[in-house]
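**Q** As annotated by TrEMBL, Zn(2+) binding site applies to Cys33, His165, His169, His175, Met183. Here TrEMBL flags 57-209 as domain 'Peptidase metallopeptidase'. Summarising the annotation, TrEMBL assigns Ca(2+) 1 binding site to Asp76, Asp149. According to TrEMBL, the feature Ca(2+) 2 binding site maps to Asp111. Among the features that TrEMBL reports, active site is placed at Glu166.
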Amino acid sequence: MASAIRKIQNVLHEPETGEYDDRMDDVLSKPRCGRIQPYNETDALSNATMHKRYILWGPKWDHTALTYSFVNYTSDVKGDLQKATLKNAFAQWTQFLPITISPAPDNARADIHIMFRSMGSAEPAYAFTNMIADGIALSSGLINITFNDDYVWTDDRLFNFTAIHEIGHTLGLSHSKVENAVMWPYYEADVIRQIHPDDQAAVHSLYGWRTPRWKRIDNNSGTKDIVQLSSAGDPTPLDGLYQLRSSGQILWNDRSGKWVNIDNNKDTVQIAGSGGNLYQRHTDGSIYKYLGSGANWQYIGAATDNSVDIVASGDQIYQRRKDGWIARWSGTGLAWTTIAQPSTPVSKQIAVSDKKTLWNLLSSGDVVRSEWPYGSNSWAIVDHNLANAAIAVGGEEFYKLQTDGSIIWLDLRALLWKIIENEGSIAIQASGNYLYSRHDDGSIWRYTGTPMLWEQLDASMDVRTVVGDSRGAVWAMLGTGDIMQLSS
């Protein structure tokens, strides 16, 4: 039993004491999916299974046009809302896959049945899915998603999340060992998980990808850079993909897929955006904020020959300076607040977390960190390594790229550095739960949350830049200037 406990503690990023502790009690006492995976002593004792990752049940569907039907409904919410919730939940999976899942015609036998029934007040499970197969394919008409009708389903977020999780089972997925994955077996009322790279890699391994995998959305040889403006919370009107052309023109890919001109200034050399705000920097170091309509921009940073670049994160905009200092816009006028120089070496790159923790890679290879609100002498050395080449932050997770091509993740719970890729990466980019690695052959890889387990997103397209949003959408800029969007 101690070995099994250590295995769970490894997944939870806890010290592997082999003793049942408060953290385990907190997680294991939460409501969970009713589909229980049997305890396997050999698996529990094996070090080979200590790595976190998705788990496949085995069989999958042998046809691509699946159907579902309701056996009955809960009285908690209107039937039309229940139908809409399940339709949306199925779509969360099919957007990644070359399959369809639609309501069965009246009086036709459905592949998947949805029902509600009482399970008793002592039952902690929100729902469960029975898995029946002939050993190769899932059995049509014998796959049931059963919701516990002793729960009140008026919380549409919980209803939707539970449906998405159970649908994962109907597609052939078992429970994931990645805590942020939608197929993680435990439910938390205040945490509604989105489909995670681990979940995507799992269903792609079963059903493949939608085709074409990538679609071209622009093909201008003058494209200089692309930036994805993505908000951690609800989407904002300015969220989306932007491109900067060598002429200084800035274009926004609006929700209809049309490229809209929002500025055309030959002096523009950089764009950056986050938290519903877009910024541009000019050759003279001056900085401007987009006001959200037409070609209207607010002048927020005076011209200076001390400016290197700008970095946007959350609702903040930072300026990296040649003298090694970092400056942050106050939010009014031309006032910027300087953040004390961490040490003699100049800043090589900065990255900022959702909670405004400021990470700084210095030319010496040191990685230093300053936490909000950035008081004097607030920099702390986190790492000293001449091999440090680049850094990235997704949410609160910190990653670094080394000159040997390895990617290292900082486990902030255990305060340990962990290698998560050593296949020759030359660039990294992070957004929310998503981390991307670009290799020197131009290929792009997405991290699944399991060290050394990455999903390749393309063949080899001569990719120069890759960006993603906090919801998993991905775009790439090729050496030709073409802009490609991942379709699944």
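Note that Cβ sites are derived from N, Cα and C of the backbone, with glycine treated the same way.
Could you place these features in context, so I can see how deep they sit and what lies close by?
**A** Under the DSSP three-state reduction, His175 (Zn(2+) binding site) is assigned to coil, being neither helix nor strand. Just so you know, the Cβ of His175 (Zn(2+) binding site) picks up 21 other Cβ atoms within 10 Å once every protein chain is counted.
Counting only residues at least six positions away in the same chain, the Cβ atoms of Thr74, Phe116, Arg117, Ser118, Met119 sit under 8 Å from the Cβ of Asp149 (Ca(2+) 1 binding site).
Classification of Asp111 (Ca(2+) 2 binding site) by DSSP places it in coil, neither helical nor stranded. Around the Cβ of Asp111 (Ca(2+) 2 binding site), the same chain contributes Trp61, Leu66, Thr67, Tyr68, Ala104, Leu138, Ser140, Gly141, Ile143, each under 8 angstroms and 6 or more positions distant in sequence.
Counting every protein chain shown, the Cβ of Glu166 (active site) has 24 other Cβ atoms within 10 Å.
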**Q** Reduce the DSSP letter at Cys33 (Zn(2+) binding site) to three states and note it down.
**A** coil
**Q** Does DSSP give Glu166 (active site) helix, strand or coil?
**A** helix
**Q** Return the residue, from the listed binding-site residues His165, His169, with the maximum count of other C-beta atoms within 10 angstroms of its C-beta.
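**A** Comparing the binding-site residues His165, His169, the most crowded Cβ belongs to His165.
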**Q** Sorted by position, what residues of the same chain at least six away from Cys33 (Zn(2+) binding site) have a C-beta under 8 A from it?
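**A** Set apart from Cys33 (Zn(2+) binding site) by at least 6 residues yet with Cβ under 8 Å, we have Ala125, Tyr126, Ala127, Phe128, His165, Glu166, His169, His175, Pro185, Tyr186, Tyr187.
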**Q** Same chain only, sequence gap of 6 or more: which residues have a CB within under 8 Å of the CB of Asp76 (Ca(2+) 1 binding site)?
**A** Val152, Trp153, Thr154
**Q** Around the C-beta of Met183 (Zn(2+) binding site), how many further C-beta atoms are within 10 angstroms, looking at every protein chain?
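**A** Within a 10 Å radius of the Cβ of Met183 (Zn(2+) binding site) lie 24 other Cβ atoms.
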**Q** Helix, strand or coil at Asp76 (Ca(2+) 1 binding site), per DSSP?
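**A** Its secondary structure by DSSP: coil.
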